[in-house]
Each structure stands twice: as structure tokens, then as C-alpha cells.
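Read through the structure below, which is laid out as C-alpha cells, and then see the notes.
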Amino acid sequence: MAYDMVIKGAKAVTPDGVIEADIVVQNGVIAEIGSDIEASGTEIIQADGKYVFPGVIDCHVHFNEPGREDWEGFETGSQMMAAGGCTTYFDMPLNCIPSTVTAEHLLAKAELGRQKSAVDFALWGGLVPGHIEDIRPMAEAGAIGFKAFLSKSGTDEFRSVDERTLLKGMAEIAAAGKILALHAESDAITSYLQMVLANKGKVDADAYAASRPEEAEVEAVYRTIQYAKVTGCPVHFVHISTAKAVRLIREAKQEGLDVSVETCPHYVLFSHDDLRQRGSVAKCAPPLRSRQSKETLIETLIAGDIDMVSSDHSPCRPSLKREDNMFLSWGGISGGQFTLLGMLELALEHQIPFETIAEWTAAAPAKRFGLQKKGRLEAGCDADFVLVSMEPYTVTRESMFAKHKKSIYEGHTFPCSISATYSKGRCVYNDGEKVTEIDGALVVPS
């Protein structure tokens, strides 16, 4: 039988393990996976023993469009994600102007994505003071969930929530059948410590890290779990950086609460030492932790207590990455291209099965957010997959697809590389070359 595409000789990373297989694609969907399939195709791809992973589903990126396209934007951002093996990303509601806090804003943003994105995408709505009544209309317009900050967001347009807004908003999100994504750092702790340190003239990397201690994350997670008990709101804790907070989330799961947690590659690949040595390219919130805390977080991840890994790609204009005052420097790491590669580096260092990496980067987010046709190499799923070569790759400015090249990953050598990425059977990245065809669609739970 003739098909649109047949990938021959792949090491397919399936939920049941890695298998030697051919992958057959028809009409943008995986038609069959198996050994020595007798099928012809319009396009035959010889995988030559490369690993084939399900396309990454990154639940946490900031593309800043509309309004701050000079920071990133859908066009360069989606091409960057494709270069990293990502076939679906969730764009956050802040750093764009206007923030995505009404159904009108969400629908307008979705149309921009359709016009410019190389791969599929979802959109977070925002939970901010004064917009609780907009939650249900945004849910009906296609929001994948709602994002809130307990500490300052970094932009004036997207305000952090007070306790009443958080509680009422969580009740409304629960009623709408959606999920709250929470930036869990205590504003009381972080603002107070920053004031104390800045008043003493301490504004370097050590001062910044000291102003956002693990206790700020733990307090915010604990408080939100209590609100989840009261409201019944499902919660997804984003970019958790400390095992102490993960333990609270694990206990909440054991009590039957509907909670999940992500961490980011930079929290398991880098440490506070990198912020000291590299400066503002390593600034993020929560901050990179000590080497010991990093190792403990890795142990927690390997133990299965963290559901998924997302990039929290948060770029800016290079001029905003100041070195003279770490408090005033933009806090975000540009790294959306390196999630899968970073986790594969971790896998090889710690003997983590590749199917576990596929779970963290694809299957778990698909399951959590109801994307039933994504996240797995299985017949009937979207033909979203990435070919990985076990050839080392050193990140250069020329090989970065993000709009701006100021990144902690510059100069980093990964033990493997992305050879090609396919979204619904279309090649969207091939061996260092971006593919400019636009076919990204807004995805919603199915």
C-alpha cells in the first residue's frame, strides 16, 4: 500500500520502550509502527538507526507577541522550537501587549499564531486582578488554562494576584473545567529580601539568589495547595526549582488533589555557580540553585515525583540583560531549543531510559492537558516526531534559531543532536535548515 511517508530503520521511542521499527504516515497521522513493514511511500526516509522521539510538547514559553515581537515572536519562536524537536508549545499570557486576559485578546493572539507559527500551539489565559469575569469567556475561546503570579511578573502589564483574586480565580477556573498554572514564589519574602539587600548596596548574583530563597517557593506552593483544597481547582506548578517544594506537591497528590509539577532543563543542568560566572544570561526566577540543591532536584525527578519538563523560554532584547545590577536585569533564560537535548544529556549521565525522557517531554503534558492525539508514537496519533542523532552538538550563535542569541546555552556541548523534526507529517526542521511553511494550529483539549 502507498502512504504519504515511511520512515525506515528507526529506533522508535514508544511508551513500552525503544523498538527497531518503521513508521508509516498518512494524512498527517501515524498509520502504523512495526518491524519490516511492507509499504511504499511518496517520501521514504532512511533513519539509519537514529532515535525517533515523539515531538516535544513544551507547556511554557514566552513569545511576547503582540507588542514585544522585538523580543521573540511567533515566527522565530516556532522555528526555534522546531529546531529543538518541539511540535507543540503553550504560549504564556504575559510579556505581550496587551496581556492575554480577555477572550478578545486570546482570539487575536490565536490568529497571529495561525498566520506565523510553524508548529501547533496552545495559549494560556491570564488570571490577574480585575479580570476574573473574563475567565469563562477565555476558556470558551480556547484557553488551555490560566497563569497567575504570586510574586511580581517582571512587567507592569501583568499584575500578580492578591489572595482574594487567587481564591476567587481558582474557584472560577475550577468551574470552567480548566487548570491554573502558578508561578510559586512568595511576594512578601522576595520583595522584603530584595529591599533589604538593595538598601545595603548588594545587587550582584549572590544578592539576587539570596532574595529568592527556596523558602519563598515552598511557602507559595504550600499556600496554593490549601487554596486548591478549598476550591477544587486543578493546579500545575511551573518551573519548580527545589525538591522541598516537590515534596509538598507529592504529598498533595497522595491526598487526592489534582496537582502537577514541571521543572526546567536549566535547573538540572546549571547551578548558582553559573549565575556567578556567566552573569545575566543565567538569571531566571526562581533562580538557579546551589549544586547540592540541583543534585537533589535531579534525584527527585528520577524518582518520578516531577511530572514533566518545560523550557520556560523567556527571551528579551540583549540590552535588558544588564550586568551592573542583577535585580534590574531581565530575569529569563533563552532555551526553548534545548529541552529535549538537555534531558537526553541528563539521561545519558544518569542511565535514565529514553522512554522516560519521552514521558517527561511529550506524553505527560499531552495527558495532563487533554491532547489525546499528541505525545506518543502510536498508530492514530498525530505524526509529530523528531529524529535524534547520537552525534555531539556544540551550541553556537549561528545554530541558535531564537531571535536573540544571548543564552546560557551558548558554548554548551550536548551529547546528541536534532536531525529533523516533523509536525503532522510535515518536515519543519532538517539538519540545521529551517522550513518556512506555516501550518501551525491552535490546539485544545479533545
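Placement of Cβ uses the backbone N, Cα and C atoms for every residue, glycine included.
Since we're looking at a predicted model, the values are computed, not measured.
Of the residues Lys147, Lys152, Lys229, Swiss-Prot puts just one in the Zn(2+) 1 site with His60, His62, Asp312: Lys147. From the candidate list His131, His183, His272, the residue Swiss-Prot records in the Zn(2+) 2 site shared with Lys147, His239 is His183. Within 8 A of the CB centroid of the Zn(2+) 1 site residues His60, His62, Lys147, Asp312, the other residues of that chain are Cys59, Val61, Phe90, Met92, Trp124, Ala181, Val238, His239, Ser310, His313, Ser314.
Listed binding-site residues near His183 (Zn(2+) 2 binding site): Lys147 (candidates His60, His62, Lys147, Asp312; Cα-Cα distance within 10 Å). Across the structure, His62 (Zn(2+) 1 binding site) and His239 (Zn(2+) 2 binding site) place their CA atoms 13 angstrom apart.
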